[in-house]
C-alpha cells in the first residue's frame with residue numbers, strides 16, 4: 001500500500017481564511033494531494049491522501065504556522081487514494097452543530113487517552129469507581145458500521161440533532177463518567193464542551209477519536225469497523241479498509 005491517508009483538526013481562531021484557502025490549495029495541488037480541507041472561523045479540518053513524501057511536506061508546512069504547530073494527524077494506508085479531487089472550502093463551522101455558544105477554540109473539555117479508556121473499560125469503571133458511559137456522537141449510518149460495546153447513541157441523522165437529544169437525556173448521566181467519541185475527535189470535542197455547559201457532571205472526550213484508539217490499543221471493547229467519509233467506507237481496528245468485511 002503506497003498511499004498515506006491523514007485526518008486532523010484544530011480549533012483555533014482563523015481570521016485569514018481566504019489567504020489560507022489560496023495558499024493551502026496551491027500547495028496541495030503542487031504536491032499532488034487529494035482530499036478536503038475545511039476552514040472556518042473556529043479552525044481547520046483536514047482529510048488528505050498522497051505519497052509519503054507529499055504528506056510529510058504538507059504536514060511540515062502546516063506545522064510551520066504557529067497556530068497549527070501541534071497538529072497530530074491520524075494516519076492509515078491504502079492501495080489507492082480514497083479521494084478523487086482536491087478541495088479547500090470555507091465553512092461557517094468545521095463541524096456543523098448550530099450552537100454558536102459552543103466555542104472550542106476558547107478551551108477544550110478534558111480528554112481521556114486511549115490506553116486509559118481501555119483500562120476503564122477492562123475494569124468496568126473509571127479510576128474513582130464511577131460507571132463509564134460511552135456516548136457515540138456520530139450519525140446513525142456511521143454507527144451502523146461499528147461502535148463501542150454497549151455505547152449510547154441517539155440515532156441522529158446529522159450532528160446538529162445531537163444537542164436537543166442530549167438535553168432530553170441529561171439526567172441519565174448523574175453519578176456517571178461520560179466519554180464522548182466520534183471518528184477523529186472533532187465532534188466529540190464539541191459535544192463534550194456542550195455537555196459541560198448544560199451541567200453534565202463528569203465528561204471526557206476520547207482523545208483523537210476512534211481512529212486514534214485503534215492506532216494505540218486496537219479494537220478492544222469495539223465491535224465492527226469505523227465509518228470514514230471517503231471511498232474506503234470503513235476501516236477496521238488495524239486501520240485497513242474493510243470493504244465487505246463490516247459487521248454490525
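Glycine is no exception: its Cβ is also placed from the backbone N, Cα and C atoms.
Taken from Swiss-Prot, the feature domain 'Rhodanese' covers 128-222.
Taking the Cβ of residue 182 (active site, cysteine persulfide intermediate) as centre and 10 Å as the limit, one finds 25 other Cβ atoms among all the protein chains shown. In three-state terms derived from DSSP, residue 182 (active site, cysteine persulfide intermediate) belongs to neither a helical nor a strand segment and is classed as coil. The active site, cysteine persulfide intermediate annotation in Swiss-Prot covers 182.
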